[in-house]
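Note sheet for the following structure.
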2 protein chains.
Amino acid sequence: MTDKNRVFIFDTTLRDGEQSPGATMSHAEKLEIAAMLDEMGVDIIEAGFPIASEGDFAAVSEIAKQSQNSVICGLARAQLPDIDRCWEAVKHARRPRIHTFIGTSPLHRAIPNLDMDQMAERIEQTVSHARNLCDNVQWSPMDATRTEHDYLCRVVEIAIKAGATTINIPDTVGYTAPRESADLIRMLLERVPGADEIIFATHCHNDLGMATANSLAAVEAGARQIECTINGLGERAGNTALEEVVMALRVRHDIMPFDTGIDTTKIMNLSRRVAQVSGFPVQFNKAIVGKNAFLHESGIHQDGVLKNVETFEIMRPADIGLNETNIAMGKHSGRAALRAKLKDLGYEVGDNQLKDIFVRFKALADRKKEVYDEDIVALVQDAAANTGDDHLQVKHLKVVCGSDGQSADLTMIVDGEEKTVHATGDGPVDACFNAVKQIFPHNARLQLYQVHAVTEGTDAQATVSVRMEEDGRIVNGQSADTDTILASVKAYVGALNHLIVRRAQLGRDDKQISMYSH
Amino acid sequence: MTDKNRVFIFDTTLRDGEQSPGATMSHAEKLEIAAMLDEMGVDIIEAGFPIASEGDFAAVSEIAKQSQNSVICGLARAQLPDIDRCWEAVKHARRPRIHTFIGTSPLHRAIPNLDMDQMAERIEQTVSHARNLCDNVQWSPMDATRTEHDYLCRVVEIAIKAGATTINIPDTVGYTAPRESADLIRMLLERVPGADEIIFATHCHNDLGMATANSLAAVEAGARQIECTINGLGERAGNTALEEVVMALRVRHDIMPFDTGIDTTKIMNLSRRVAQVSGFPVQFNKAIVGKNAFLHESGIHQDGVLKNVETFEIMRPADIGLNETNIAMGKHSGRAALRAKLKDLGYEVGDNQLKDIFVRFKALADRKKEVYDEDIVALVQDAAANTGDDHLQVKHLKVVCGSDGQSADLTMIVDGEEKTVHATGDGPVDACFNAVKQIFPHNARLQLYQVHAVTEGTDAQATVSVRMEEDGRIVNGQSADTDTILASVKAYVGALNHLIVRRAQLGRDDKQISMYSH
């Protein structure tokens with residue numbers, strides 16, 4: 001490996017990913033994901049948009065404080081208060097970065113009503129201001145792929161002169177194609193004075209299904225930072241998927257001789273965890289991390305795979321941390337074995353948390369013959385999602401359903417006080433949710449409800465995910481149980497607990513920001 | 001549009017897509033999908049692999065008979081009986097095609113133990129044989145992207161001389177990248193005598209997330225047929241997604257001036273239907289057809305979209321047939337309105353089917369305030385999936401669940417005879433499935449269980465999908481109801497009904513074929 005072939009991985013799961021409608025994550029979830037990204041070897045973590053809300057500010061600050069090796073980056077619009085607020089959050093990191101941006105295409109220039117010269121001046125001011133605060137500054141011309149080439153060269157040069165150390169070229173609408181993506185980076189490297197002194201980044205969206213190829217084409221042309229998210233999470237069709245660019249560079253090192261610092265064996269755990277906390281499931285046929293990515297059906301292919309694994313596989317499941325020997329534990333497994341298994345799965349838990357998970361594990365092992373890795377992961381995630389400190393807790397539930405109608409008897413503890421109600425509804429889930437609503441009245445609307453069996457077999461645990469919206473605030477809840485109805489109620493109540501926390505915050509959604517209103 | 005810029009769309013949802021583990025479709029579903037593809041303007045439909053099973057043979061034959069404009073293609077290994085069988089099935093089409101293939105890379109040559117000369121001879125024999133039967137012959141060197149260039153040129157030339165009219169270049173393991181994909185087509189066009197007389201096709205897999213870009217790069221280099229599937233369905237990470245290549249060619253016609261014959265407004269309905277019958281859900285952040293593909297969250301983006309839709313959108317939802325005015329019908333809507341709505345959604349139903357759907361619609365409208373397009377789609381699909389002719393029918397269900405345990409009382413009609421049982425289990429779903437098992441004992445294992453709310457709100461219908469496996473046979477069942485437990489039982493029973501049909505057939509799974517055993 002030569003240094004000039006090192007490609008930096010900039011993960012924006014917590015900023016551009018979390019910006020997807022419905023993917024809002026809790027503070028604790030953001031910290032956990034950030035720690036996993038840091039451990040995986042992500043070079044730069046974009047942790048949030050500090051001025052967007054108190055919650056974003058707190059998350060970026062805490063992620064900065066806990067960071068080990070990763071650079072911690074915050075986003076800021078081209079306004080001085082944004083940049084100051086961003087610095088206040090990221091300055092706690094060992095290696096902080098300020099990322100500031102403005103939309104430079106004709107469509108984007110029209111909205112704040114700045115002409116080319118006015119915008120150029122704004123860029124000079126804001127990048128200089130950022131650089132006075134922090135010696136690691138990234139600047140992005142939003143919608144770069146639809147910006148006039150001459151103007152793009154002009155503003156990139158201004159940003160470099162003003163002190164930007166990384167220039168990111170976003171394909172904001174997912175519009176470009178590989179050749180065009182490469183040509184743009186090549187043009188900038190050739191035409192902009194000082195371009196060889198800084199790092200060019202590529203930031204692609206997947207609207208036409210080409211984000212991965214566009215990112216790699218930019219790298220071949222000279223970009224040395226790829227902006228991406230786990231599972232390709234992001235608005236619309238999402239961002240470039242980290243797992244795809246990293247594995248493509250590894251598998252096709254022969255034609256793309258570039259290296260990243262990613263420990264690929266951590267990919268699968270991160271993918272699962274991000275799917276869980278965002279409530280965005282990964283489709284079976286998703287590249288690298290889909291459930292079927294390593295599965296073969298047809299006789300021809302099976303025959304080939306049995307004879308020589310390379311016949312149809314270009315990667316091994318172990319490369320991304322996918323274990324094939326999966327049967328984990330039985331009812332006779334002890335606490336030490338559980339701790340070892342958790343460590344193996346990437347979870348380091350404290351003694352109290354282990355105790356709690358062990359109780360749940362024993363209860364599950366009594367009911368279920370075979371306890372798989374996925375079951376253990378579901379238990380840990382359930383424990384993390386629903387704690388004893390919550391305002392609302394489910395104490396007892398009895399549901400009747402079927403052809404003759406549905407009703408629920410529910411007992412909950414609300415801030416220490418026990419309440420019991422009876423409710424009916426259209427289906428058992430509706431009856432239960434109506435019961436919860438009687439106990440804790442609210443106007444939140446259910447946006448998403450889904451159930452997935454964690455493993456095979458009719459006695460499997462099911463993971464229930466719900467997403468709710470109230471006055472623009474979006475919250476998720478999850479729970480796992482062999483009883484899908486009980487899990488549904490716990491997930492719903494979990495979401496309400498998140499909502500109670502969000503109501504108390506001055507959340508992002510309470511003051512929708514606009515880059516153009518200032 | 002000039003003729004030389006016309007790109008043919010070859011859809012292999014029913015062959016390479018249906019080959020995905022668990023995506024097995026019923027005969028009726030295959031016919032329905034084929035009719036939809038034909039109507040959408042797909043140039044060539046690969047309808048199956050006729051020698052693989054009696055079921056495949058019957059499906060390809062029927063699809064050939066019902067075909068209107070599309071060429072109907074069947075797959076055959078490089079063996080004379082395969083090719084004969086394929087011809088027997090496709091010959092009924094107005095425009096039939098035989099597609100024969102053999103693995104030409106070193107890894108694939110090693111398995112049947114043929115040396116280069118022996119394989120070349122086999123190719124000459126089999127392609128000539130196919131061409132004697134049919135004047136439209138496609139030949140594929142499987143794993144072409146890992147075949148030595150000299151040998152690839154040699155065998156492509158042989159196939160052309162033997163009468164192949166289309167040469168397909170498969171990236172069987174999803175290994176290539178755009179530049180390499182283009183270079184390969186360019187090399188073949190330059191080096192192979194007669195290459196300008198035939199059509200080159202590109203067939204990509206998405207293992208590294210680059211199938212769309214690789215396909216388009218091949219087209220830019222001179223390929224004029226793209227092989228793809230709806231939703232990118234297919235083994236492992238799937239095939240090139242039809243919706244992505246078609247929309248990319250449309251949106252970026254400025255830099256890729258190629259045309260297809262696809263009516264893009266049919267995309268969304270086909271995507272939904274394929275997701276339903278295959279049991280492969282589409283992830284929210286899937287390009288073009290994901291639930292979020294046209295959704296915006298962040299304040300900045302929303303502001304931009306409100307001011308000018310082009311700021312963040314490069315396509316309109318209507319381009320793919322996605323209606324934004326979605327509130328469909330209420331309890332006062334009549335049968336004519338329902339028929340009109342169904343037609344609008346792409347469903348042409350007979351009088352009997354309309355009657356059945358109308359009854360279900362009225363029942364739903366009584367329970368649910370707003371009946372959306374998605375609800376209607378779920379009703380139609382439920383009606384198609386579970387008919388009155390089934391061996392097993394659910395008559396009555398009562399379930400108790402919650403903190404104190406779970407039990408089910410179930411009455412079913414088995415071939416006309418009524419049976420009632422009581423069962424317990426780990427969770428309400430397990431209790432119900434145990435009850436079904438008491439009434440109809442079987443050894444099928446539940447591989448997949450998932451529930452998705454059809455629309456928002458706690459009173460939404462939920463669609464339950466189950467996938468079961470017995471002795472290598474894989475079957476799916478689906479049902480929709482506001483009662484998730486009742487829908488679970490109906491989906492499970494639906495899968496068992498499919499299994500009963502499959503047991504009676506000589507299915508593909510009963511005689512796993514191998515190209516190397518002959």
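Positions of Cβ are set from backbone N, Cα and C atoms, glycine also.
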Residue in A:N5, A:N214, A:N231, A:N239 which TrEMBL records at the Mn(2+) site where A:D16, A:H203, A:H205 also bind | A:N239
Would you report the average pLDDT that the model assigns to the domain 'Pyruvate carboxyltransferase' (A:7-268)?
-> 96
What is the number of other Cβ atoms found within 10 Å of the Cβ of A:D16 (Mn(2+) binding site)?
-> 25
Residues in the region 'Regulatory domain' (A:393-518) grouped by DSSP into helix, strand and remaining coil | 36 helix, 55 strand, 35 coil
For A:H203 (Mn(2+) binding site), write down the residues of its own chain that are at least 6 apart in sequence and whose Cβ falls under 8 Å from its Cβ; none is a fine answer.
-> A:T12, A:S140, A:N168, A:I169, A:P170, A:D171, A:T172, A:E227, A:N239, A:T240
With an 8 Å cut-off on Cβ-Cβ distance and a minimum sequence separation of at least 6, pull the same-chain contacts of A:H205 (Mn(2+) binding site), or say none.
-> A:D171, A:T172, A:V173, A:G174, A:A211, A:G234, A:E235, A:R236, A:A237, A:G238, A:N239, A:T240
Cβ-centroid neighbours of Mn(2+) site A:D16, A:H203, A:H205, A:N239, 8 Å, sequence order | A:T12, A:P170, A:D171, A:T172, A:C204, A:A211, A:E227, A:C228, A:T229, A:G234, A:E235, A:G238, A:T240
